[in-house]
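*Asks:* Could you have a look at this structure, given as structure tokens, before my questions?
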Amino acid sequence: MASENGDKLELAFSAVPDPKPKKDWVILSLRVVAFFATASATLVMAFNKQTKGMVVATIGTNPVTITLTAMFQHTPAFIFFVIVNAIASFYNLLVIGVEILGPQYDYKGLRLGLIAILDVMTMALAATGDGAATFMAELGRNGNSHARWDKICDKFEAYCNRGGVALVASFVGLILLLVVTVMSITKLLKLNRI
């Protein structure tokens, strides 16, 4: 009718919010990759074991051998590493479920605030586990001549290589946790901006 009279058409937009909030697929996909990285770091280190027979002495012409086993349980830093990465994996899996199912149960943005706080705590925990394990890995690879600690990676190469793979996977997970943490805090700040 307005076009027949020569008047301009006016379009009105509804200020009613969308009843279904959009899922943030970037954060969700980063969480999935972080879950796989921390879970693989946990499993690789948890099953990291190498047994090797070594000659320690020779009596006459008979060698005296011993069997040594390198396991992650022998080092408290590696035990902490496995526990921390398992916690980070479980947390990421839990938050993936909350991100998929949780928006319908959100109460005044409490879910996003709680996730942001727990993201920071999980990232800090993962960083401490990675730092402790990296220190012990460096000590195992190079030793410490001042403290007279011998290196072991020349004797247990496969053990050290698998430990290195676990560390790399864990650091990838840590970097992804850092990115997810920054994104979740930014998302929280955008929602609270008036």
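Using N, Cα and C of the backbone, Cβ positions are placed for all residues, glycine too.
The following feature annotations were taken from Swiss-Prot:
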| type | residues | note |
| --- | --- | --- |
| TOPO_DOM | 1-24 | topological domain 'Cytoplasmic' |
| TOPO_DOM | 46-77 | topological domain 'Extracellular' |
| TOPO_DOM | 99-111 | topological domain 'Cytoplasmic' |
| TOPO_DOM | 133-164 | topological domain 'Extracellular' |
| TOPO_DOM | 186-194 | topological domain 'Cytoplasmic' |
| TRANSMEM | 25-45 | transmembrane segment |
| TRANSMEM | 78-98 | transmembrane segment |
| TRANSMEM | 112-132 | transmembrane segment |
| TRANSMEM | 165-185 | transmembrane segment |
*Asks:* Out of 25-45, 78-98, 112-132, what stretch is closest in contact terms to the transmembrane segment (165-185), meaning most Cβ pairs under 8 angstroms?
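*Replies:* Per the Cβ count, the answer is 25-45.
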*Asks:* Looking only at the topological domain 'Extracellular' (133-164), what are its DSSP counts of helix, strand and coil residues?
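*Replies:* Its residues fall into 18 helix, 2 strand, 12 coil.
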*Asks:* How does the topological domain 'Extracellular' (46-77) divide up by DSSP, counting helix, then strand, then coil residues?
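*Replies:* For the topological domain 'Extracellular' (46-77), the helix, strand and coil counts are 6 helix, 21 strand, 5 coil.
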*Asks:* Any residues 6+ beyond the ends of the topological domain 'Extracellular' (46-77) with a Cβ under 8 Å from its own?
*Replies:* 132-133, 135-136, 152, 155-156, 158-159, 162-163, 166
*Asks:* Cβ under 8 Å, sequence separation of at least 6 from the ends of the topological domain 'Extracellular' (133-164): give me the contacting residues as numbers and ranges.
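*Replies:* Same-chain residues near the topological domain 'Extracellular' (133-164) but 6 or more away: 44-45, 48-50, 52, 54, 68, 70, 72, 75, 77-78, 80-81, 170.
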*Asks:* How does the model score the topological domain 'Extracellular' (133-164) in terms of mean pLDDT?
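*Replies:* Overall, the topological domain 'Extracellular' (133-164) comes to a mean pLDDT of 86.
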